[in-house]
Structure formats: C-alpha cells, structure tokens
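Annotation source TrEMBL lists chloride binding site at Y12. According to TrEMBL, the Zn(2+) 2 binding site annotation covers E195. What TrEMBL lists as Zn(2+) 1 binding site is E195. Annotation comment: TrEMBL describes C322-C334 as disulfide bond.
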Amino acid sequence: FRDLGEQWVSRYESRSFRVELQHLYSQIRPLYEQLHAFVRKTLKTMHRIPMLRTGQIPAHVLGNMMADEWSKIYTNVVIFNESSNDIKLKFRDLSARDLVEMADDYLLSLGFDQLDKTFYKARIRYSSKQGEQAGFRAFVFDLFDQKDYRLVGPRTVGDTQFYDAHNKITQIHYFMQYRNQPVIYREPANDAFLEAVGGAIELSVRNLDYLKKIRLLRTRQITHRTRINYQLMIALEKVALLPFAYLVDEWRWSVFNGSTTADNYNQVWWRLRCDLQGVSPPVHRLDNDFDPGALLEIATNKPYIKHFISTILQFQIYKRLCNIAQHKGPLHKCNLKNNIEAGDKLRAMMKLGSSVTWKTALKELTGQVRIQASPMIEYFQPLLRYLREKNGNEYGWQPACDMRIKVSG
C-alpha cells in the first residue's frame, strides 16, 4: 500500500470504493440539505441565533462538541409542539436490566435463542456515575471462547437506552451466530455490518404503533403530526451524522497521502465541514489549531467511515427484512416482531461471519451487492415532503464559509 488510507480502504474490497462513497453522499445530500435548512431557519427565527450569510450553521449550537449528531436540540426545533404530539417514552419502574430483557425477548420473537441466565448474572456491567454524566453509551465484546459475550451499558433508563439495548443485544446475537466459524472468520462481514445489523433491528423497534402496543408511548393517539415529529427526532440522529461521518476520513485520507500537510490540517478540516456538512467554526480558527484531534477516532487512529456506511446500510437491511415479512404500507411503519422468516434470513447472513466477502454476505441477505441509499430516503419520505414544503427554495449553503464569522441578523 502507498499509504495507510489505502490499507484502510482495502478492507472494503473495491477499487472504486471512494467513488461509491461519493455517490452515496450525493444521494443523501438532498435529504440532509432539507433537514439542515429547517434547523437553520428554526434556530434563527425561533431562538434568534445568528447565522452566516453563506448559509452554514455555527457548530456550537447543534447539541454536541463535534456537531455530528443533533438529537439533543430536538426540543428546540420540534415541528409540532403540542403535548398531544409528545414522542417521549415512559419507563415506570423499569431498570436497565429490564430494557436488556425486553430487547432479548424481541430477538426471541424472531427465532433467536434467548440469552442464558449467566449472561444476566455475570456478563452485564454498568457504567459509573461519571460515565453517565459524560453521555456514556453501551458497547459489547466477544471474548472469542464461543460462549462469553459482554455488555457494558449505562444504569439510566430512557429512550436512548431502550433503543440502544435492542441495537446492542442484536450485535451480541451476531457474535453468537458466527461462533462456530474458525477464529479468523469470527467477525462481521466488514467494519460496518455490526452497527448496521443492530441499527436495522433498532429501526424496527422505533415504530410508534409498536411502542403504543407495548404501552411505552406517552401520547394516547398517534397522528400524522406525531409521526412527523418522530421522524424528525430520528433524522436529527441519523441523517445529521452522514456528512460528518463521510468527511472525517476524506480529511484523514488526504493527510495520509500527503495532499494535506501539517501547516493546513485545520484549514482543510474546516473547508470540508463548511462545504460538505454546512457547519462553520464557532469562533475564529488559526492554522496552528488542531480541531480534528478532538474526535476520539482521530486521536486513537481508528477508521470512521464505517459510521457513514452502517447508517445507510441499516435502512437497506431493514427494508429487505420488511419485504421478507411481507410488510404492506410505508417503510417507517414496518415492525418485525414475531416474524421468524425475517429472523431466519438475518441469521443465515450472520452465521457467515467474515468467511465470505462482505458483498457476498450482503447479497445473501438483501439480494444486492451494492450499498443503496434509496431505502433510507424512502423511510424519511413523510418528513422530506413536509420539509420541502416548509423550506421552499431556502435550502443549501455556499461551499466556503467565512472563518471570521460574519453573521446576518
């Protein structure tokens, strides 16, 4: 390999991988532009937050340090603010373990084996209070002895933890399905598959009708407005991530191949963020600043592009499972609970581990060999129609933003 970037890209077994990524980004950009325009307009008109004349949103008003996930500003930009359209869940007397058991029961309904009692007694660990305050998220381990899998999760109980439990328990079942492969093949088909499979089951659970059925939804009546609010919440989490997840390794690959040098690390970083993400630095930045280093994956030299791929891929997997389940109607209304046939198809792919190429594994599950953005766009169609009507022609931004932060009132 000529540089580390080529080595990282080689894991995806495609000479045109970066071109394929660019194509995926171009497909989802119109959806992101509409979300971006709505958030920008709402923050400006409702909360009087000044915006750049070039159209970018200052990064510090989007809910976290990297502005890569915007769900924390949901209450500031919610479309329909009436209490009857509340999409928050209620968790009376439920513990963190209860959420894990609910997730395991959901997988059981798809034909997966139930986790044994040993898992609950010895293999779940909870974060410290300091971890809770830092926004700790769950993660899982495969200890490669064909029986020991670990979950480390937060003690708190809430919407995020409920959805995350389903995501992570699905990942543990992925480990369990390929445990009989030789050790060298005991891993997902590629770096993105683990998150994508967990995300697909999470999407199935993030279904208002299902949440109402299991009595977790606060609102008594699900209306079109409720569904639009719910889609906005999911979009702030998943759609908002995509440009950032795409540009991180675009920046890093340029560092690896030498086209970006130490004297312009920060300049190129913000050039990409202004152009691709439509986000501007909160204050004036200097060439000797190193803002990319604030991202853990850059500081620890871990690839980031898997988050871009997995976010898109989870919708593709979800749609395929919904088709197998013979779901009729809008994609966002599909729930897979109790569908053994969909579970069988998912398990067949999981059992392969990395014994075949990721494209072969993808074809086994979806019948396709390329990652498709169209299922994600289809999923968000109700929200996209609303945003287009609301935004009109006021969307998009200029490629470059003024590092001096000139703002319009």
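Our numbering is plain: 1 for the first residue shown, then up by one each step along the chain.
Just so it is clear, glycine is given a Cβ too, placed from its N, Cα and C backbone atoms.
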Spatial neighbour of the residue listed as 'chloride binding site' that is closest, considering only the recorded positions E195, C322, C334 and their CA atoms: E195
Rounded Cα-Cα span from C322 (disulfide bond) to E195 (Zn(2+) 2 binding site), Å: 18
Number of other Cβ atoms within 10 Å of the Cβ of C322 (disulfide bond) across all protein chains: 24
Other C-beta atoms that fall within 10 angstroms of the C-beta of C334 (disulfide bond): 23
The residue listed as 'Zn(2+) 2 binding site' CB neighbourhood, other CB atoms within 10 A: 20
